[in-house]
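Undergrad: Mind looking over this structure? Questions follow.
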Amino acid sequence: MENSTIATPQSAETSATAFGGRRKFSFYALVATVIAVGLLFYRVAQPFLLPIFIAGMLAVIFRPVHLRCTKWFGQRRHLSAGIVTATVLLLVLLPVVFGVAHAAEELFVAARTLLETDWRSHVGVERILTWVDDYVPIPDRQQWESSIVDGLRILVTETYDRSRALLANVIEFLIGLVIVALGLFYFLAEGPALLKALQRVSPLDDRDELIMFEEFDRVCRGVIVASGACAVAQGFLAFIGFAVLRIDGALLLAGLTICVSFVPLLGAALVWAGVCISLLINGDFGTAIALATYGALVVSTSDNLIRAYLIRGTVGMHPFVAFVSVVGAIRVVGIWGIFLGPIVAAFFYALLKILHQQTHPDMVIETAANSDGVETVRPLRP
């Protein structure tokens, strides 16, 4: 008799269980490998994440220009992307770079001058000390005076060191500029292909991915265009005020106004109010009152008018949320957090809306098309 092996139901079930266990182990091992390699890739690409993010923002802003140029050049996407990238570098990035460099140079010179100043004999400091001594008697005036002077010197020294580091860090900036240019070119030329490739490997539903891309485009465009226009307008108006009132360093102060105008709630008031305080300390009360009136009625008011007109409900974000997102992002990534913070906060809110629609299919979230950006929730009607 020939020996034969008969497969019993128990052996088949055991084999299937073992096979399923191996498949499950293989899946978890693959997930762990993907996470490990992803972390390694993040470490490799970390120095260039900020330039890539800037390139992505520029690609969102100038995508309509690229599409129009593509039609003009007979659907030659790469030629159009190259021309748009070169134009952005020449007309947008380089003027901003030279402006920031010039402002940093003036700040460097001003800080060096302040370092050489004898603060104990400064008229403004003497007035403050005399006023405090008259109204708030202090037992140890000499120690209190030394603390104020030392605090001023530490502040000026920190400004001096940061300005010198900004001027010296040219190589890193040039590398970042090259990454921005290459990223902008490929995002414009290969943007649709990159999105399709991401959709193929992403575990999310295609509809949710399209909604996310549209929300990012809308939010990014609204934040950048509105913030940039407000900053330039406030800087220009502030420069006019400083120049008319014959305040020294008008260009530097206008550049600082452009930078701080991105900060919600405070904005340009940080600059013109500081200049007003300096004028009051030096006894120039007329100029201080004129600058305060102009700054409050013209410079700071223009932010609300321009921002309300440009956004018009594009980004429904409370000013306090915008302020917290900006300050937190600045602490994490530096000055570019001014742009990154509101975009991340608004995009996170958009993701929450998508999640709400997934978990509550009978409800829909709408954004009112007005300058308030008020959002309402209503049930779907059959």
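Placed from the backbone N, Cα and C atoms, the Cβ positions cover glycine too.
Whatever TrEMBL says is automated annotation, not expert-curated.
Quick paste from TrEMBL:
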type: TRANSMEM; residues: 25-42; note: transmembrane segment
type: TRANSMEM; residues: 48-67; note: transmembrane segment
type: TRANSMEM; residues: 79-104; note: transmembrane segment
type: TRANSMEM; residues: 166-189; note: transmembrane segment
type: TRANSMEM; residues: 222-245; note: transmembrane segment
type: TRANSMEM; residues: 251-272; note: transmembrane segment
type: TRANSMEM; residues: 279-300; note: transmembrane segment
type: TRANSMEM; residues: 320-352; note: transmembrane segment
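On this model, are these features tucked inside or out on the surface, and what's nearby?
TA: Using a Cβ-Cβ cut-off under 8 Å and counting only residues 6 or more beyond its ends in the same chain, the transmembrane segment (48-67) has close neighbours at 77, 80-81, 84, 88, 92, 176-177, 179-184, 187-188, 191, 216-217, 220-221, 224-225, 333, 336, 339-340, 343.
Under 8 Å from some Cβ of the transmembrane segment (222-245) lie the Cβ atoms of residues 57, 60-61, 251, 253-255, 257-259, 261-262, 267-268, 271-272, 275, 287, 290-291, 294-295, 298-300, 302-303, 306-307, 310-311, 314-315, 338-339, 342-343, 346, all in the same chain and six or more residues away from its ends.
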Undergrad: May I ask for the residues of the chain that lie six or more residues beyond the transmembrane segment (320-352) and have a Cβ under 8 Å from a Cβ within it?
TA: 50, 53-54, 57, 212, 215-216, 219-220, 222-224, 227, 259, 262-265
